[in-house]
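Engineer: Structure provided below as structure tokens; questions to follow.
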Amino acid sequence: MATGRTHRPATRSRGIPEATVARLPLYLRALTALSERSVPTVSSEELATAAGVNSAKLRKDFSYLGSYGTRGVGYDVEYLVYQISRELGLTQDWPVVIVGIGNLGAALANYGGFASRGFRVAALIDADPAMAGKPVAGIPVQHTDELEKIITDNGVSIGVIATPAGAAQQVCDRLVAAGITSILNFAPTVLSVPDGVDVRKVDLSIELQILAFHEQRKAGEEVAAPEEGAGAVSPPPVSPHRAPPGAPGADSGRQGPDGDVPAVMPA
Ligand SMILES: NC(=O)c1ccc[n+]([C@@H]2O[C@H](COP(=O)([O-])OP(=O)(O)OC[C@H]3O[C@@H](n4cnc5c(N)ncnc54)[C@H](O)[C@@H]3O)[C@@H](O)[C@H]2O)c1
């Protein structure tokens with residue numbers, strides 16, 4: 001049974017900090033767009049803007065990859081795409097299983113962005129016997145009774161949980177016992193996993209709550225703003241774009257369009 005893991009190491013193998021790893025997909029997304037436009041080189045400032053991070057952080061991140069760019073020329077786009085893809089393990093195909101094929105699981109199965117990034121949906125699994133055999137995104141749904149066999153037969157190491165929260169821990173335990181070592185959890189619950197298993201959690205409602213915080217703050221500023229010429233002394237303005245303390249992107253000083261951290265977070 002899961003023993004529970006309460007913290008994650010600050011650095012991964014080969015000394016790349018976790019925060020840098022979390023930004024690599026942002027760089028890759030921006031670089032892929034440049035590559036598709038056949039842009040050969042890019043400056044750290046341009047790439048930082050496109051990725052939504054600050055350029056000093058980008059240069060520091062790339063130094064972990066041993067990539068320093070060429071003064072006056074910038075970074076070679078194709079080479080960086082290759083380097084980051086290799087670092088993220090994307091130069092190989094990763095079979096993925098999705099468990100819980102309801103609204104969300106079906107939407108994920110239909111999402112073309114997984115396959116184009118090297119994540120092949122190997123199987124769809126659901127506990128509802130009525131769904132067994134029904135195709136979703138062209139893949140027949142399989143019953144949870146088959147879970148262990150499916151994982152072994154397909155050599156799957158990444159599982160996606162899209163079940164109701166109440167079922168997620170039990171599904172997680174079965175996935176882990178069957179050999180899954182990475183889990184992307186969409187269920188709104190904290191999963192307990194043994195050492196050696198990585199869990200990432202996506203929660204769009206948390207992102208909305210952070211936006212609600214900013215909306216509330218903006219509304220408060222409008223109410224508090226003194227009328228011109230009234231002579232009132234107001235406190236220095238607080239940027240509405242700063243994240244609340246402890247939130248993703250907090251204390252980063254500056255955030256790009258997406259913030260510095262993607263809307264996926266450690267469990
Ligand atoms: N993270 C996010 O941003 C986000 C967004 C939407 C929904 N969610 C969460 O995703 C989950 C799924 O939402 P939904 O709208 O697709 O729900 P849904 O009810 O449409 O689908 C849930 C599916 O899980 C299956 N299921 C239940 N128990 C199972 C088990 N033990 N093993 C395998 N399958 C099982 C059900 O048969 C059903 O098909 C919920 O936990 C929801 O809160 C998260």
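Cβ atoms here come from the backbone N, Cα and C positions, even for glycine.
Heads up, TrEMBL stuff is auto-annotated, nobody curated it.
Pulled these from TrEMBL:
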- 26-65: DNA-binding region (DNA_BIND)
- GLY100, ILE101, GLY102, ASN103, LEU104, GLY105: NAD(+) binding site (BINDING)
- 222-233: compositional bias 'Low complexity' (COMPBIAS)
- 234-247: compositional bias 'Pro residues' (COMPBIAS)
- 89-190: domain 'CoA-binding' (DOMAIN)
- 220-267: region 'Disordered' (REGION)
Engineer: In the same chain, which residues outside the set GLY100, ILE101, GLY102, ASN103, LEU104, GLY105 have their CB within 8 A of the centroid of the CB atoms that define the NAD(+) site?
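Structural biologist: After dropping the recorded site residues, what remains is ILE98, ALA106, ALA107, LEU108, ASP126, ALA162, THR163.
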Engineer: What is the number of other Cβ atoms found within 10 Å of the Cβ of ASN103 (NAD(+) binding site)?
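Structural biologist: If we count other Cβ atoms within 10 Å of ASN103 (NAD(+) binding site), we arrive at 9.
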Engineer: Using DSSP, break the DNA-binding region (26-65) down into helix, strand and coil residues and give each count.
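Structural biologist: Tallying H, G and I as helix, E and B as strand, the rest coil: 29 helix, 2 strand, 9 coil.
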Engineer: Averaging the per-residue pLDDT over the domain 'CoA-binding' (89-190), what integer do you get?
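Structural biologist: Its mean pLDDT is 95.
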Engineer: Comparing the binding-site residues ILE101, LEU104, which residue's C-beta has the most other C-beta atoms within 10 angstroms in this structure?
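Structural biologist: The most densely surrounded of these binding-site residues is ILE101.
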Engineer: DSSP-wise, what's the residue breakdown of the domain 'CoA-binding' (89-190) into helix, strand and coil?
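Structural biologist: Across the domain 'CoA-binding' (89-190), DSSP assigns the residues as follows: 40 helix, 29 strand, 33 coil.
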Engineer: Can you check which residues sit near GLY105 (NAD(+) binding site), meaning Cβ under 8 Å from its Cβ, same chain, 6 or more apart in sequence, and list them in order?
Structural biologist: ILE98, VAL99, LEU124, ASP126, VAL136, VAL160, ALA162
